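Novice: Below is a structure I'd like to ask you about.
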Ligand code: S3P
């Protein structure tokens, strides 16, 4: 992301911002993706060729909206992902007082309320499928004297929220199940507190969402809030909080754990942010090009933050021909064009140290492993069981259904690859409201003899709108 400081807003623009609140309160709730399933079958009649750019980074987009909505004055965001998850964050920030508009030029203009200035939302905050929106926004609400109810779809309503409830409760927030809810999962009601209590919190799970929830709560908490992270997770929150002017320090203790300290009651300055392409979305065309014989594809402008990009290192370890062309830095985030050519992959034992830096990429890595020569052993993946679906079980079941040889472990998979031969295919895969499952099996369809049908491509709109069109531009066929 690129950030340029802009002068703080005038009193008039603040008043104008507040006046706009009433108008926004009248806006209709945002529609979530179509409830009727959208099945599709994918195949590749020939090599994949060409150059595409994937949509903006989902993690950076959420944070850009949240922090802009807390800065006083106008922030501008270019390249924002317009996936449903990010739109859920935008709707929630509007409901809490920010003005967020998308211009005809596709630049988003955001007028924030100031740290401490979030307003009581009138209705429930509808989070759709988005764990990131939920957990980060719970952090923001926790240190404001407002109450918000969080609701989500069937997938999100199964996901564990105690991991954020625990630290936010230590800071003074009160989280209760809504009538009919069972606690620990959505729907939940969070009553924030101001002033909240600063804490030192050691993350019990490697989770950027939990880290970010505590840091965002710390933003409006007097004194220093600290998060100790034994395993490094994506650091977009830290980079962006600093970029907006928060006082944030990162140190390392003797055991290599990162200690992140944020001074609360910060004043955020509006920024101009350019969001790079999402490496987690680029992963799908990258693996597709590696697997489909004769392919040569470029994916332009992909964010390659080291806390995100481990998939590409692992694919290279497997023999993947992947180059980073035109490497550059865009406002503190490394970016490059990825050039990828068909390769014969070899199975490996995937490194456990970098699980967090590719946590969303395992479903598509499993597809690559299913076509590799020899055995791939991927372990240390307990967290995959609590993503949008249980990605270990769902990938094992789906890969078996299309003829791959897979053994499911409690914390991962063992996959014996075909050595480059196509998979038998010929099955319908249940995407289970999980965008990355849907896209992974779409790619598997490109290297299967008989059609692979995804029962519902609808969830793909949460993170990668335009997936089917872009894959089509490279030569894939969806029917
Ligand atoms: C995200 C962090 C990851 C990732 C998710 C986005 C973020 O979750 O799976 O898609 O933006 O912070 P965890 O931090 O819970 O592992």
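Note that Cβ sites are derived from N, Cα and C of the backbone, with glycine treated the same way.
TrEMBL does not curate its annotations; it predicts them automatically.
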Novice: Would you mind telling me which of 27-48, 49-70 TrEMBL tags as region 'Disordered'?
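Specialist: Checking TrEMBL against the ranges 27-48, 49-70, the region 'Disordered' one is 27-48.
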Novice: Going by the 3-phosphoshikimate site in TrEMBL, where 58, 59, 63, 207, 209, 387 are listed, which of the candidates 200, 360, 411 is also part of it?
Specialist: 360
Novice: From the recorded positions 207, 360, 387, pick the residue whose C-alpha lies nearest to the C-alpha of residue 58 (phosphoenolpyruvate binding site).
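Specialist: Comparing Cα positions, the candidate nearest residue 58 (phosphoenolpyruvate binding site) turns out to be 360.
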Novice: Ligand 1: which of the binding-site residues 159, 207, 209, 391, 436 have a Cβ closer than 6 angstroms to it?
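Specialist: Once distances to ligand 1 are taken from each Cβ, 207, 209 fall under 6 Å.
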Novice: Which recorded positions are spatial neighbours of residue 436 (phosphoenolpyruvate binding site) here, meaning Cα within 10 Å, out of 59, 63, 207, 360?
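Specialist: So the list reads 360.
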Novice: So among the binding-site residues 59, 207, 209, who's got the most Cβ atoms within 10 Å?
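Specialist: Per the Cβ count within 10 Å, the most buried is 59.
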Novice: Would you say which of the binding-site residues 58, 159, 387, 391, 436 has the most Cβ atoms within 10 Å of its own Cβ?
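Specialist: Selected residue: 436.
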Novice: Roughly how wide, in whole Å, is the group 58, 59, 63, 207, 209, 360, 387 that binds 3-phosphoshikimate, by largest Cα to Cα distance?
Specialist: 19
